[in-house]
Amino acid sequence: MTWRSPLALLRDALRGQRAREKELRNLVSNLPYEGLEKGKQPNRHFPGNAIKTTKYTLLLFIPMNLFEQFHRLANIYFVGLAILNFVPVVNAFQPEVALIPICIIMALTALKDAWEDFRRYQSDRKLNNTPCLIYSRKEKQFMERRWKDVRVGDFVKVFCNEIVPADLLLLHTSDPNGVCHIETANLDGETNLKQRRAMSGLCISDPEFKPESFDSLVVCERPNNNLNHFKCYAEKPDKEKVGAGIESLLLRGCTVRNTDTAVGFVVYAGHETKSMLNNNGPRYKRSKLERKLNIDVIFCVILLFAMCLVGSLGHFVWLQKQPGVPPYLVADSNGHLDSPGLSAFYMFFTMIILLQVLIPISLYVSIELVKIGQIFFIANDIDLYDEETDSRVQCKALNITEDLGQIEYIFSDKTGTLTENKMVFRRCSIMGTEYAHKENAVRLAVLEEPEESEEDVIFNQQPRPPKTGWSLDSEDANPEETQHHHCSRRKSKVAGNAQSDVAFSSPLETEVIPDRKLLQQISRAESSSGRSGSREMDPYLEFFLALAICNTVVVSMATAQRRRMSVFSRSHQASNPPDTLPNLAKMSGSLRRFITSWQRKPKRNRIFSEDSVIEEDHFNPPVKTEGSGAISGLQTCSLHAPSQDGKPATTSDNLSYEAESPDEAALVYAAKAYGFTLMGRTPNSVTVSLPSGKELVFEVLDTLAFDSVRKRMSILVRHPITKEYVLYSKGADYAIMELLGTPYAEHLCGKQKSIAADTQRHLDCYAREGLRTLCFTKKVVSEKEYESWSVNRQRALAAMENREELTMDTAVQLETNLSLLGATGIEDRLQEGVPDTIVALREAGIQVWVLTGDKPETAVNIGYACRLLEEEDLVINMSCKNTLACTSILDCALEEVRRYSNDPRNVDTTPDISLVIDGRTLTMALSSDLQERFVDLAKHCRTVLCCRVTPLQKSRVVKVVREKLKVMTLAIGDGANDVNMIQAADIGIGISGQEGMQAVMASDFAISHFKHLKKLLLVHGHWCYTRLANMIIYFFYKNVAYVNLLFWYQFFCGFSGTAMIDYWLMIFFNLFFTSVPPIMFGIMDKDISAEMLLGVPELYRMGQGAGEYNFKTFWISMLDAFYQSLVCFFIPYIAYRDSDIDVFTFGTPLNTISLFTILLHLSIEIKAWTVVHWVIILGSVAIFFIVTLAYSGTCITCNPPSNPYWILQTQMADPMFYLICVITTVVALLPRYIFHVLRNSIAPSPLVQARHLDKLDPSTRNQWIKEWRSFRGGGQGKRSGLSTPPSPTLEMPVEILPQSPTASDITGDEFTLNVITENYQRPLHT
Amino acid sequence: MVKQEQEIASRPDNTAFTQQRLPAWQPMLSAGIVIPGFVLIGLAFIGIGVALFVTSQSITVMELDYTGVERTSPCFRCSDPNVKNCVCQLDFSIASLFKGPVFFYYGLTNYFQNYRRYGVSKDDDQLSGDLDSFTSPSDTCSPYEYDSNNKPIVPCGSVANSMFNDTFKLYQIVNGTKKQVPFDGKGIAWWTDYNVKYRNPSVTPLRDAFNGTVKPLFWPRPAYELDPSDPANNGFINQDFLVWMRRAALPDFRKLYRRITEGDYAQGLPAGNYSLEIAYNYPVLSFDGRKKVVLSNVSWMGGKNEFLGIAYLVIGSLCIVMSIIMLIVYAKFKFPEEE
């Protein structure tokens, strides 16, 4: 290391600062500078890849932590008091002792912080030390280094399924097209694969990639946190510039998929990466209870000051009244006394010191401990544990547990939250004929059964294929072949199960059992078209071709599948793969391939073993099938390989589809079930294998992508046989129906005219069932037409201005005169237990809003399915196109609602009111002038469904409701689009399910199913809230009751600030003798059993609004504290009056009485006594006596002026001590006890009634709950969501969407309004 | 299998504790349930109350105020602060036998021994015989730390300085002659104070330890001469000193002066006329207090204390009344469990 002058270092640092802050950064490769000292590195100014998320360093922990802690006002107050002790004039006895409590409390907090920081440090270290490959010029190859060694300007190589260590500019991939797939689930929660393209031409990459050849200057923008945007260009030495955007950037934290290797140039590292910039760390949320608590602390401060003022004035008056200078007044060292005024002034501060315990110093730390305990119990709840994903409920926010018990509004996402976000193909209609897929429905029903029986049942129920039927290579079909298909099908099911954590690949979605009728139809069509060799394809075949082609699904290979270890754990022991190898060697011609693939997967292959066992179970000859099973399980599916010996089905089973929308995947799987297997997709071609095993490669001429205006997508392909230009489109029914030309293939069937009508009828039927519908069309484009269109298209694509509009116009141009092929119905299944949960939440007095990006029809259907809407509900449908209309609609609706709810005739039969509103209307309704009215209307509604809302709108809705109505809100969602909403609500809940981590990261609690919300809120929320509320009230009471003893004594000691209790014992009293019981109370008390809380959700209402911790309960407990302290002081006072008792002997019974009163007070409040309660309460009493006795036994001259030596011992030998203790405790607690008894007997609150029921034996209790339910008319009988048919009566009153994109601005809204009122009154008449 | 371990890795323990299903006793406070409790407590309290009351009734107390602020008082002459070494005599008679052992107290009112700064004003080390503290007393003793000649005061501090210094002699008038009632001054202080907490320095003779120190300003005699009659009762373990140093908790207090346990008076003070001779030294005018002498016999519950017995009786009765009210409430608002 050479010496460099400080000036040079400074200059360098400044230059670095400038380089970092510049708008554009210039980066060059590190390779030419490899091995040079740091000062010569061109990229030295940019941070390295090591990350540090810890708050403290080892050395600076204490000062930094103290600084942090003093941010809390309470701590400053306490330290201020401690300092006040050292001021001489206040005459504190032992100033050092006053420091002990605050020191202990701050040390505890510091310990907690240190532990948290240490955990962060550990995770940082783990991440920083993750191995990765960096290119080294010296070694001429990629060397294994660690993440923290990565620097800007390095070349990093990433393998398949590895996580990208820094933001990389992609330069090379193993894919010949330069494509690399990444999964960004860690960043934005999207599990579908995204394509990234390598920047080409910057390095020599033939035959081998050579980073040394990289000699360009990379100019990129300053780091920012936008995950979807990136700008940079590379300037070659010849000044040629190559631009690149986000499509060439591999983000840190993403996982590389489906690509063997990728090499990238590091542009941002460490904290400058986009993922780190997005990582804002946990937010500190302050719970509602805590906000109220702070107000009460201020009350306590006021009370303290008042008491001190009384003491100070009392002292003044007392001094004034002295006739002379009594011998007990002590002058200062000069022998003269302070004037009464000055003494009184000093006395004020002395009093503050004496009575400071009134402000519960340990309250904050106790609350934190209680919350940790509560979180422990929540996280350990086995009912909230999900077996499938092996995940518990995660509590990310540590300080808002009690808010769970006060929720009034829930805002829920729909897809993935209420539904599973697993799209399942349910039915289809082709050429006006409905195919109900009954077998499939049966299978789906069966799949809902518990796991164990799953497999057998399915395969027993599976219909024998018609003849050798749908085995599509039917010409030379034989029984063995059939078995092949069986086993391969089975295997793929198992395989699917093995990767159940991966989106879109559960058996539910991938497996479709073909409709028998349709199957026959297809094989007939297939054979006929084969025979005739007709150029005209059968519409049935066309339909499935459209299904398979018209999408953006990416095919991934079996070897690259993201696979987790199987949940399925049968038959590990039964097979022994090495033994089977020799057999395989004899058997299969594809052995070599098998072995290579085997080697590539060094891990023991699960699929393989599963397979062999199953086959041994059912089939013979085992050796043979085993072999083929192994092949099917392991061979890498090569997309371009010619079909294997007439076994296309086996090959295709290795395919796995990655789709941006689950619907598309479901459709592709459906097509596959009928033999139309999508084999591969490149930007320019689509390969589909037909039922006959033939593979067709369609040339893709153009893809007209989906947009929300057209509501459809199309793909223009060239048929490889007929060479026709064919446009396949799919889209929402209303977007397609109006574009229909003549029905397709009129000559084939006689009822041509009715096809559209029939299909429409089927579509309506599907929609009523809650299925998502799509229509499929085909259009043959003539060559001439295509040519001219293509020119337009190119022009549009090349346009600089209005490019999007122009391309859309060209799309619209082509999408005309379509011929309808058919329609599909896809089900997004409701999650298990959703209707039940929603009903329970509603009974708990919680308003549930659903905010979804879906269209109103779907949302309403789901609403009915999950019992958000009931059939007798009044549904207000709001949609309008301008503010004026919106205003009038709002006014009108409000008036209606008011009139409706005020109508005396409707007292009993009032159907609940629900509101359905669409995104655009919502925007207007949330504008500042309409907000009030909207919120007012929403307040009257039991349910609000907001459709077509953007993520931003979601959070806006939450914010508006939260602020305007001053209610506790909870937002629950699973995807990246819910993050805003989750963060805006008081409590954000993420569902860790299909959609990755984004929502979970932003949430306060993460659960795995929506149904868990029920127990989380109704049980844990209730418990946490009542526990904490009661504990805090108790805490205030405890301190006031104790401190007041000292206060009353002031009236008998000339307001001189004397304490009659030893100072150490006072500290111990709060710190040891009475601190654990309330904490235990706050963690473990259980007022009502979980069963009862779940059975009677109404009990939740107790916590809403003010709940148990409110103004009244606080002041009642304060008054009680005053009363008790009066009793505790004055009964001993009167008993000992005129006796020879000394100061601290008088204080001892007071202290003891206080202890018993305070603990017995808690005992009255404790609702359920477990072993722990007994141990802690009795232990506290025991500790009090042990510690006090030991202290009194040893402290002879210590701690003046108290000298507690042998005082308690003397007292305990005196029967008066016990007599006084007993009567005082009884008198102190009698009122509270009687109050509780009388209240519980005369006017029992619902909670008390529930507790009564709780004491009954379980069967009686359940009986009671059931009867009570049925009495209330709650239809708990129809629990299952799917068995409840959605209401067929609902009609969507208005077509909200503009019929054409241009017409949207001008249409009037009065129509909408009319319809709304009409719709509105409909339930009135029924 | 590894997989299975992984699978259940984060599965919570299904124990009664973690699932919050520990068996629990759930007391329900309602009228029906608490009736027996109230009756029981009521009866027990009434029992205790009666016992306390009866005991308290059997205790005789006699208070003799000798402050002398009234002109008629025999000690009026002595209440003038300027009169030194004043002795006054208080006559009283006892109608019937004052059952022994009789405790002789002196009492002060409106005297705040519990005043904060007063309580601090002593040096515990000095009082436990630490000779270092003789030469340099603790500064808590200020302003009674050093005298004007800067000599250390032993025992220092306000508490010691203000020690009560009236002395009493009790005579029974038998046939016109005074017969002194013997006082027992032993064991009137706490055993622990006498034996553990307060110690004289182990120097003999005791007065040598006090060389170079001065007596407290208000004291007529130094500490080693407090009791001329008994050499063992001097210094810091003088019983009267120990009694005084144990500061009274409340401004009206009495302190034990002597016990009457000896000779003819072991069974108590017989009926007759008595004369109390008081060496009146302690000024009380400065705090508007009163001085008195209290004669009392004691029981297992200490001195006379009617309050506690009455309190027990009242609360006991209240509990009985409450149980009746509860019975009515129970009959009227019985929780409909069977419905």
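Yeah, the Cβs are placed from backbone N, Cα and C, and that goes for glycine too.
TrEMBL lists region 'Disordered' for one of the ranges A:176-195, A:616-635, A:636-655, namely A:636-655. Nearest by CA distance to A:R772 (ATP binding site), out of the recorded positions A:D413, A:D974, A:D978, is A:D413. Remark: the transmembrane segment (A:1216-1235) contacts the transmembrane segment (A:1114-1136), by the rule of 3 or more CB pairs under 8 A.
A:D413 (active site, 4-aspartylphosphate intermediate) sits 9 Å from A:G853 (ATP binding site), taking the C-alpha atoms as the reference points. Annotation note: A:N977 (ATP binding site) sits in a helical segment as assigned by DSSP. The local packing around A:D978 (Mg(2+) binding site), expressed as other Cβ atoms within 10 Å of its Cβ over all shown chains, amounts to 32.
Most Cβ pairs under 8 A with the transmembrane segment (A:1031-1051) among the ranges A:344-367, A:1063-1084, A:1114-1136 are made by A:1114-1136. When the Cα atoms are compared, A:D978 (Mg(2+) binding site) and A:G853 (ATP binding site) turn out to be 11 Å apart. All protein chains shown were included, and the count of other CB atoms within 10 Å of the CB of A:D974 (Mg(2+) binding site) stands at 33. Across the fold, the C-alpha of A:T415 (ATP binding site) and the C-alpha of A:D974 (Mg(2+) binding site) stand 8 Å from each other. With DSSP classes pooled into helix, strand and coil, the tally for the domain 'P-type ATPase N-terminal' (A:41-97) is 27 helix, 0 strand, 30 coil.
Spacing of A:D974 (Mg(2+) binding site) relative to A:F706 (ATP binding site) is 23 Å (Cα to Cα, whole number). The full span of the recorded ATP binding residues, A:D413, A:K414, A:T415, A:E664, A:F706, A:K730, A:R772, A:T852, A:G853, A:D854, A:R948, A:K954, A:N977, A:D978, taken as their largest Cα to Cα distance, is 29 Å. In this structure, the recorded positions A:D413, A:F706, A:G853, A:R948, A:N977 were compared by how many other Cβ atoms lie within 10 Å of their Cβ, and the smallest count belongs to A:F706. A coil conformation is recorded for A:T415 (ATP binding site) in the three-state DSSP classification, outside any helix or strand. Reduced to three states, the DSSP call for A:R948 (ATP binding site) is coil.
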